[in-house]
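Q: This is the structure I want to talk about, given as C-alpha cells.
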Amino acid sequence: MLYHLLYPLAYKLSLLNVLRYPSFRIVAAGLTAMVLGLLLGPIFIERMRVLQYGSTNVREDTPDTHKKKAGTPSMGGALILASVAIATLLFADLANRFVWAALLVTLGYGAIGFTDDWLKISKKNSKGLAGKKKLVLQVLVVVVVYYACLTDWRFHVEHRFPWVFVGSYVDLHVTLPFVPSRLFNPDLGFLYLPFMVFVVIATSNAVNLTDGLDGLAIGPTVVSAMTFLALSYVAGATIAGFSLAEYLRVPYIPGAEELGVFCSAIFGAGVAFLWYNTYPASVFMGDVGSLALGGGLGMMAVLTKNEFASAILHGVFLTETVSVILQVWSFKTTGKRIFRMAPIHHHYELKGWAEPKIIVRFWIISVMLALVALLSIKLR
C-alpha cells in the first residue's frame, strides 16, 4: 500500500526512492510485523485471559506437565495473522498475484483454524471442527485462490462461456532437490492442482501436529520463513540485469522476489509471538495460527517451485506427521504402539526429556535442515 501511495511521489522527495527496492521493503515488513506483535501481545493476552478464551485441547493421556497448561490464553495465531497481514499490505507490491495468493491462503486457513478454536472454547472440549469438514474447507480455499489469483482468464464474447481459461501463472513443472532439471522436470499438467492442494494441506496439518510444546512450532516456522525469503529472492530478483536464478540454474519466476515481503512479515510476527510463547508460554497460537502458518509455508513451497525441497526444509514437521501415521497404523494392525505417545515430541517427554530441551533440539534440527535445503539451490 505504501509502495503504491508514496513511491509515485519520489520525484518530489528522493528518500521515497527506497520503496522501489524489494530489499528495503522486505526489511521494513519484518520490522513492522515484529513491532506490532511485541506491542499488541500483552493487550491481546490480557484480553484473552479476561474473556477466558483459554486452551481446552488437553488430552486425557497427555503427560502430567501439560495438564497444568489448561486455561492458558489461546488463539494467539490471530495476533500473528494481524501482524503479517498489516505488514504485507503496507510494504508489498499489491499488483503482484503471488503475494495475494500466499496471503489469501494464509488468511483462509486462519479462518478455518479460528472456527476450530472457537468451537473448542465455546463447547469446552477438544474436538472442534469435524475433520472431514476441515479438509473440505482446506481444499476449497486452495482451489478458489488458485483460480482467482494464479490463472489467466480472457473475455471472449463469441464463446458460449465468455470467460475462457487460458493458462496458469504457476509453472506446472516440478523438480527434485540436488537433481538437474534436465534429468527430472516433468510437466504435471492438470494434475498439478491436486498436487498443489496436497502440498499445502499436508504442510498446514503438519505444523498443526507439531504445535504441542511451548515454542515448538513457531521456531521451525520462522526458520522456514527466512529460508523461503532467500529462495523467493533468488527465484525472482535481478540485479543490474543479472539474474540470480539463471546463475544458479533454478527456475526463474518473475515477481517472486515480492514474496520476500510476505516471508519477512511471517518471520517478524513469529519472533514477536515467540517472545510470549517461549517456555513457559503465556499464550498458545491455537489452530488459527498453526493451520494458517502451515498453509502459508505450503504456498511458498508451491510458488517458489520448491515443492519437494520443502520436504527437507520441513523435516521437523514431516517427522511429527509420520510418527502419528506410524503410531496409528501400528496400533490398528498389531495392537502395539511404536512410540510411547505420538506426535514424537510427546515420546521424548515420556522418556524424561525436559520440555525446553526437546524444543531447542528440534529448533537446531530445523536450522540444519534449512541449510541443506539452501544447498540444493547450488548442488544440482
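Keep in mind that glycine also has a Cβ here, set from the backbone N, Cα and C atoms.
Copying in the features that Swiss-Prot gives for the protein in this structure:
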type	residues	note
TRANSMEM	26-46	transmembrane segment
TRANSMEM	75-95	transmembrane segment
TRANSMEM	98-118	transmembrane segment
TRANSMEM	135-155	transmembrane segment
TRANSMEM	161-181	transmembrane segment
TRANSMEM	183-203	transmembrane segment
TRANSMEM	222-242	transmembrane segment
TRANSMEM	259-279	transmembrane segment
TRANSMEM	283-303	transmembrane segment
TRANSMEM	311-331	transmembrane segment
TRANSMEM	357-377	transmembrane segment
Q: Per the 3+ Cβ pairs under 8 Å rule, pairs at least 6 apart in sequence, do the transmembrane segment (183-203) and the transmembrane segment (283-303) touch?
A: yes
Q: Does the transmembrane segment (259-279) reach the transmembrane segment (75-95) with at least 3 CB pairs under 8 A, where each pair is 6 or more residues apart?
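A: They are in contact.
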Q: For the transmembrane segment (98-118), what are the same-chain contacts with Cβ under 8 Å, counting residues 6+ beyond its ends?
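A: Same-chain contacts beyond the ends: 74-75, 77-78, 81, 84-85, 88-89, 92, 128-129, 134, 137-138, 141-142, 144-146, 148-150, 169, 200, 204, 208, 253, 255-256, 258-259, 261-262, 286-296, 298-300, 303.
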Q: Between 26-46, 222-242, 357-377, who has the most Cβ pairs under 8 Å to the transmembrane segment (75-95)?
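A: Answer, by Cβ pair count: 26-46.
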Q: Mind checking which residues of the chain, 6+ beyond the ends of the transmembrane segment (222-242), have their Cβ under 8 Å from one of its Cβ atoms?
A: 22, 26, 248, 250-260, 263-264, 266-267, 270-271, 274, 297, 300-301, 303-306, 313-314, 363, 366-367, 370, 373-374, 377
Q: When you scan the chain for residues with a C-beta under 8 Å from the transmembrane segment (357-377), skipping those not six or more beyond its ends, what do you find?
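A: Tertiary neighbours of the transmembrane segment (357-377) are 177-178, 213-216, 219-220, 223-224, 226-227, 230-231, 234, 248, 250, 279, 306, 309-310, 312-316, 345, 348-349.
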